[in-house]
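One structure is given below, encoded as structure tokens.
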Amino acid sequence: MSDRAAAPPHSSPDSTLGAFQIGVLVSYVLWGVVNGQTYLYYHRFPTDTRNIKAMVVFLWVCELAQAISIGQALYDWTITSFGTPLPVPPKSFDASIFFSGIIAACVQGFFSFRIHTLSQNPYIPIVGYILSFLRLAIGTSVFVTALRMTSLQTFEVQFGWLITTAVSIGVANDLLITTTLVINLRGKRTEIQPRSVPLVDRLTLWAIETGVLTSVASIATLVCFLTMKTNLVWAAVFVVVSRLYSNSLLARLAFQLRKFANL
């Protein structure tokens, strides 16, 4: 395994496999939250449209696949290859990149659709759709390329820009979606009854918190990837990001934000 994946002599196990293990554990905790929110959604809102229900099921399946992938990657790194460093990250870790890209693109696409419903303005949602598609396409390219890599160091030199671009696009889309949601929700304050204003304010705060959270996590992944070439801190943060996206969407459904289309 290369310097990042193999925990070279000048890298502490705490910042390599230890960091990745912590990231996986945190990810599994958030995976439990995803399960709980998914159950509550179907229990509380059985009359939702089939499209939304299908999307929730699809996200849950992708989250399950991602959970299996990172668990297998951790096992391969710490047990299967114990004492015999791998030349490249396990294929299961590559798979987690693919599923994470799908989850992020799906959630961002949904929020872009909701912006169109709230504002009736097609232009910003179209930009959101394009950015979501680009992130998914580039993420898929990273996955396919990673499956064929023979050296992580070579991959970083030749294709590291793909990861940087995918994460940067995701951050830009997060900020676009958050800003637009906040502007639209603030505009609703003048169109609704006074008793509904506190709820709009709560939803505005929620939009800011969730948007900033996913953006900060993605930026942290990118910074760690670019500056910490000899450890797995970036991977520890990365395996948590998709959980943040899914939980933000499920929390939004629980708030029933879609009702604001009729305010």
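Heads up, the Cβ atoms here are built off N, Cα and C, so glycines get one too.
Taken verbatim from TrEMBL:
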type	residues	note
DOMAIN	171-253	domain 'DUF6534'
TRANSMEM	20-42	transmembrane segment
TRANSMEM	54-75	transmembrane segment
TRANSMEM	95-114	transmembrane segment
TRANSMEM	126-147	transmembrane segment
TRANSMEM	159-183	transmembrane segment
TRANSMEM	203-228	transmembrane segment
TRANSMEM	234-255	transmembrane segment
Problem set entry | Folded-back contacts onto the transmembrane segment (126-147), same chain, C-beta under 8 angstroms, at least six residues removed | 89, 91, 94-95, 97-98, 100-102, 104-106, 108-109, 111-112, 115, 155, 159, 162-163, 165-166, 169-170, 172-173, 176-177
Exercise. Is the number of Cβ-Cβ pairs under 8 Å between the transmembrane segment (234-255) and the transmembrane segment (159-183) three or more, considering only pairs separated by 6 or more positions?
Worked result: no
Exercise. Which stretch from 20-42, 54-75, 159-183, 203-228 shares the most C-beta pairs under 8 Å with the transmembrane segment (95-114)?
Worked result: 54-75
Exercise. The domain 'DUF6534' (171-253): mean pLDDT?
Worked result: 83
